[in-house]
Amino acid sequence: MSAIQTSCLSDKDVVQVKSEGPKLVPFFKATCVYFVLWLPTSSPSWFSALIKCLPIFCLWVFLLAHGFSFLGAHSSARKILAGLIFSALGDAFLIWQEQGYFVHGLLMFAITHILYSSAFGMKPINVRAGLVITAVSALCYLLLYPYLSGPFTYLVAVYIALIGFMGWRAIAGLQLTNDLWTWTKLSACLGAVLFIVSDLTIAVNKFCFPVPHSRAIIMATYYAAQMLIALSVVECQDAEVSRKRT
């Protein structure tokens, strides 16, 4: 692809990104509501669960706003939507984590990562990215291991493997060294990294030691991650056509 073609494609990508902005307004408003209300976690309720899940509900609407034909034609979009549904369930369970529902939330997010991994696909493989993510995941588990006990010794290991795999598939899809990269792939990559940061902060704060401003860090990175992952399934039709011709 020539420099002129690449520049033209970039301009179209910018237009595509801008066109998605209005559809995300409800998500941004719901996120602001969550941070403005900042309901205490010490008194969980269905109202606090609703406020926490509301931005994720808005991302459901964001995907549905592209039409059922879009969802029907893109299996990755359907999988991301399913992942967002399980994420909302996980958020609701974690509202009552002190009442014994932390494992339930962990399970919901584990399913989410499986769905996201499937949405990102297995091509290209990108062995180097896989090795880096494996090393980082192993290091994270080694740091957490001394603080884990009982079933969490194994549950955390499985969860780290799943989110690490999801991160690998998102990062592997970003090919910056050629003309195949798109802003949707970049969005998936950034979203996966932020999701890992959010969950790692949860783990350190819960099992190791209190992290200053942990809730703000966890929720800011989490909402940003989910938004970026939802954006990653918005296809640029011109880019699709270009790839099919090559």
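These residue numbers are counts, starting from 1, taken along the chain as shown.
Any Cβ shown, glycine's included, is placed from N, Cα and C.
Proximity of distant same-chain residues to the transmembrane segment (46-68), defined by a Cβ-Cβ separation under 8 Å and at least 6 residues beyond the stretch ends, is recorded for 23-24, 26-27, 29-31, 33-34, 37, 39, 77, 80-81, 84-85, 87-88, 91-92, 95, 223, 226-227, 230, 233-234. Residues or ranges marked as transmembrane segment in TrEMBL: 46-68 (among others).
Residues or ranges marked as transmembrane segment in TrEMBL: 80-96 (among others).
As annotated by TrEMBL, transmembrane segment applies to 102-122 (among others).
Within its own chain, the transmembrane segment (129-148) has Cβ neighbours under 8 Å at 156-157, 160-161, 163-165, 167-168, 171-172, 200, 203-204, 207-208, counting only residues six or more beyond its boundaries. Taken from TrEMBL, the feature transmembrane segment applies to 129-148 (among others).
Beyond its flanks by at least six residues, the transmembrane segment (154-174) meets 103, 106, 109-110, 113-114, 116-117, 120-122, 124-126, 129-130, 133-134, 136-137, 140-141, 144, 148, 181, 185-186, 188-189, 191-193, 195-196, 199, 203, 207, 229, 232 of its own chain at Cβ-Cβ distances under 8 Å. The transmembrane segment annotation in TrEMBL covers 154-174 (among others).
The feature transmembrane segment is assigned by TrEMBL to 186-204 (among others).
What TrEMBL records for 216-234 (among others) is transmembrane segment. Sequence-remote contacts of a segment are chain residues at least 6 beyond its ends whose Cβ falls under 8 Å from one of its Cβ atoms, and for the transmembrane segment (216-234) they are 16, 20, 24, 27, 31, 34-35, 55-56, 59, 62-63, 66, 74, 76-77, 80, 83-84, 87, 116, 119-120, 170, 184-185, 187-188, 190-195, 197-198, 201-202, 205.
Within the chain carrying the transmembrane segment (102-122), a Cβ under 8 angstroms from the stretch's Cβ atoms is held by residues 75-77, 79-80, 82-84, 86-87, 89-94, 151, 155, 158-159, 162-163, 165-166, 169-170, 172-173, 188, 192, 199, 206, 229, 232-233, all 6 or more beyond its ends.
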